[in-house]
Amino acid sequence: MTQITTIDTCYGPIAQTVMEKAAKIRLLICDVDGVMSDGLIYQGNSGEELKAFNVRDGYGIRCLLTSGVEVAIITGRKAKLLEDRANTLGITHLYQGQSDKLLAYRELLDKLAVRPGEVAYIGDDLIDWPVMAEVGLSAAVADAHPLLLPKADYVTQIAGGRGAVRELCDLILLAQNKLDAARGLSV
């Protein structure tokens, strides 16, 4: 019987293999709906689309960027408010309206000269699986589609839009011994 070695963290015990993968990450790719947001879309009377973003996720993203890890967004939907959020956080790699997320992922690999083993991806639904299957560290939010959960290297303790991205950012920073590197940042 194989025994899984774990490392205790503030998010509970995490498999050592996950931490080893996280130590190699140079690029984090995030989905949006159901990951950076809770998956709900609010529509105003004039047709404008509204979403809620978690400030803790934003802080985690800023910490990663400050520590030298690139962050990108690949999403199937398109929204002006996401451009604003990406700009606020300092995310320069934004791919919206992507029905085939693998195309954007492969473009990012070339553009940033990173290898698949240096990429983490966090998603919540089956559209995310093709990219998750290729990256070094695949993560699913706690409330992801049930078919996605067992395929992910790591499942967050926190639901999408509630700090799940921050949890993954912390895990990467912890694995790279950079968790304290970004004190004093604001979002």
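Note: Cβ is positioned from N, Cα and C throughout, glycine not excepted.
Features as listed in TrEMBL:
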- ASP31, ASP124: Mg(2+) binding site (BINDING)
- ASP33, ARG62, ARG77, ARG85, LYS101: substrate binding site (BINDING)
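Mapped onto this structure are the features recorded in TrEMBL.
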residue: ASP31; record: Mg(2+) binding site; DSSP (3 states): coil
residue: ARG62; record: substrate binding site; DSSP (3 states): helix
residue: ARG77; record: substrate binding site; DSSP (3 states): coil
residue: ARG85; record: substrate binding site; DSSP (3 states): helix
residue: LYS101; record: substrate binding site; DSSP (3 states): helix
residue: ASP124; record: Mg(2+) binding site; DSSP (3 states): coil
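Other Cβ atoms within 10 Å of the Cβ of ARG85 (substrate binding site) number 22 in total over all chains. Max Cα-Cα distance over the annotated substrate binders (ASP33, ARG62, ARG77, ARG85, LYS101) is 23 Å. The sparsest Cβ neighbourhood within 10 Å, among the listed binding-site residues (ARG77, LYS101), is found at ARG77. Its Cβ placed at the centre, ASP124 (Mg(2+) binding site) has 27 other Cβ atoms within 10 Å.
Burial estimate for the binding-site residues (ASP31, ASP33): highest at ASP31, by number of other CB atoms within 10 Å.
Counting only the Cα atoms, the space from ASP33 (substrate binding site) to ASP124 (Mg(2+) binding site) is about 8 angstrom.
You'll find the Cα of ARG77 (substrate binding site) roughly 10 Å from the Cα of ASP31 (Mg(2+) binding site).
When other Cβ atoms within 10 Å of the Cβ of ARG62 (substrate binding site) are tallied across all protein chains shown, the result is 20. The separation of ARG85 (substrate binding site) from ASP124 (Mg(2+) binding site), Cα to Cα, is 20 Å.
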